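Each remark here refers to the structure printed beneath this line.
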């Protein structure tokens, strides 16, 4: 019985790749040093899977930045602004596309389906020329082979690649990247032919867009593409992998009728309806790669339940055609539980990270083949039973309070325009008020202070003084820059979700449970294992201290319930919305304590609201209903004069703008700078927005410093579609990852641009 892994985390168990990348970007190490770290990581991953007994081991799932960017490099689809002249794409061009450089901005980054991973969006047009320009797939296949591991090379499938692309700047909006299908297939043919010549017997195409609601012409593109590739693929076993949701019936029909495809991979963790499709008809003689082990969460698999599912599939597909797999790539989960030395034993027994999931997959494959490891299965059953019965998981008071929420919609009593008037009387802000999103640079010194305090190397008093000094510095900088609404800079916080989770009950934390978010950026999601409540105030002490340092309004900074939920590993033993309501009640208490402490502006970030949107339209309304309701629960009790802000990250908001309005925040700040005013088109199309809005005026994910003129130009574009009295001026995200040498000049230019336009507006009146 065979086993397969869709993909594996690339950062390394201790974030080795992150540190190697950042050292290379800072000019502290060479390309050879970086390549050495990458080579060692790949080798250890392949050997680990081979050692665990996995038959179908993936290669080419490693990336220096992103697998979609790797495909763009493979196809030679480099936008003109990077001045690439052809040949094999080097690291300099590759990283310029990902991060921008001193002269040109980066390509757009957006969420990979409904995960917290970001991919680099290809920019295509009718004149884009394609050529085979990165031999990474073949190089990695050969690299593994030299180590004695025969792998399955993985490519982002041609149709998904185009469906995830966008029309480049200056190209007609009506242009469809899908029209380039016949132009990119010759490159795919070259890659396939090379892999075949090198001895590959299997090839995996990731086509995750098959789980979305596709139109008939999009489905027809799959038939066209795989028919066109058929002769080149002849002699290879071809796996088309889908993940993250159910495959719709129509897409299932299209996929299973592709004659060049030997095997189909399905996510049977999130795709329970796909199971019914397989049971109602599966093509004879084809392989089913059954994704039963969850690649998106960190809970130990219910091995007995998975085995029962596999046995029912075996009866349909046949013993030799069923392959046990993960539901998706394991890059969305933490790397290895072995590195968690401080996690308590009971909770640890409930978990499985990527390395453990590899073992689970193989144990299921062996059990299916009649070689069941009874001791392993018994330990798994005992762990699941301990989790079900543990008193740490359930808090009846919290359950009751969350259940009681369902009858009301929890809105503030007055309209947003009435509240904005009341707030303006109290805050007295200029037109086009300036602010930042929350965090200021987290210096090496600051991280050291937090680390030493955590390790009890410095006293609480020393720690408090150090943080107080940092807040004072940040307040002073903002006053000198003449920013209108200040932030305290969040020096006491490690991460916007982790910081709150550490103070809420029902959460636990890992030491090395890192997951890649984009490039070298990793996050360490908390684990929500039980009912959530807030034992004590979490931010009030620091917010009050910061407010006491200035006469200007100081924002209280909180992370919203939906973002805490979406950026955590969430318990899988109750519906997600129930957990979200519990978190909302905890944040509500914090909001009310901040208000009572004299904080007049409170920002409740919902960076991840859009990210949690289900991939299928039929499920949107239910999700948006409870997600927006959760946000409103947090602030429905405050006075009209208290201004509630929220912030949202990378997203295409056009399809959920009504839900954003329904959140009923007083001011919303939105990432906008990399997506070329996509957001503003919503308002151009006639959506009326009466609350305050701050579309980001520059990109903080790039070290580039925008000029005053560039920012003024952006603001003027916004004023063409938004009322002067609701527009705010701010960067597009927090400044935590930037250096002061970049932050100060960028904010100086931002404030000067706002002042210049204020003067122009006053003159025009």
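Yeah, the Cβs are placed from backbone N, Cα and C, and that goes for glycine too.
Just so you know, TrEMBL annotations are computer predictions that nobody has curated.
Taken from TrEMBL, the feature active site, proton donor applies to 701. Residues annotated as 5-methyltetrahydropteroyltri-L-glutamate binding site in TrEMBL: 18, 116, 521, 522, 567. Residues or ranges marked as L-methionine binding site by TrEMBL: 437, 438, 439, 490, 605. As annotated by TrEMBL, Zn(2+) binding site applies to 647, 649, 671, 733. Look at TrEMBL and you will find 3-316 tagged as domain 'Cobalamin-independent methionine synthase MetE N-terminal'. For 432-755, the entry in TrEMBL reads domain 'Cobalamin-independent methionine synthase MetE C-terminal/archaeal'.
The most densely surrounded of the binding-site residues 522, 649, judged by C-beta neighbours within 10 angstroms, is 649. Residue 521 (5-methyltetrahydropteroyltri-L-glutamate binding site) sits 17 Å from residue 671 (Zn(2+) binding site), taking the C-alpha atoms as the reference points.
In sequence order, 332, 515, 517, 523, 525, 566, 567, 608, 611 constitute the residues six or more apart from residue 116 (5-methyltetrahydropteroyltri-L-glutamate binding site) in its chain with CB-CB distances below 8 Å. Rounded to a whole number, the distance between the Cα atoms of residue 439 (L-methionine binding site) and the residue listed as 'active site, proton donor' is 13 Å. Residue 438 (L-methionine binding site) has 733 nearby among the binding-site residues 18, 649, 671, 733, counting only those with a Cα within 10 angstroms of its own Cα. Using a 10 angstroms CA-CA radius around residue 437 (L-methionine binding site), the binding-site residues that qualify from 18, 522, 647, 649, 733 are 647, 733. A gap of 12 Å separates the Cα atoms of residue 439 (L-methionine binding site) and residue 647 (Zn(2+) binding site). Ranking the recorded positions 18, 521, 647, 701 by how many Cβ atoms sit within 10 Å of each one's Cβ puts 647 at the top. Each residue contributes its Cα atom, and for residue 647 (Zn(2+) binding site) and residue 605 (L-methionine binding site) these two points are 5 Å apart. When the binding-site residues 18, 490, 522, 605 are screened for a Cα within 10 A of the Cα of residue 649 (Zn(2+) binding site), the ones that qualify are 605. Surrounding the centroid of the Cβ atoms of 437, 438, 439, 490, 605, where the record places L-methionine, the chain contributes additional residues within 8 Å, namely 436, 487, 496, 557, 603, 647, 734, 736.
For residue 671 (Zn(2+) binding site), the spatially nearest entry among the binding-site residues 18, 522, 605 is 605, judged by CA separation. Nearest to residue 522 (5-methyltetrahydropteroyltri-L-glutamate binding site) in space, judged by Cα atoms and limited to the binding-site residues 490, 605, 733, is 733.
You'll find the Cα of residue 490 (L-methionine binding site) roughly 13 Å from the Cα of residue 733 (Zn(2+) binding site). Counting every protein chain shown, the Cβ of residue 671 (Zn(2+) binding site) has 25 other Cβ atoms within 10 Å.
Proximity of residue 733 (Zn(2+) binding site) to non-local residues of its own chain (separation of 6 or more, Cβ distance below 8 Å) is seen for 437, 647, 649, 671, 696, 700, 701, given in sequence order. In sequence order, 438, 496, 557, 558, 559, 560, 563, 646, 647 are the residues near residue 605 (L-methionine binding site), counting only same-chain partners six or more apart with C-beta under 8 A.
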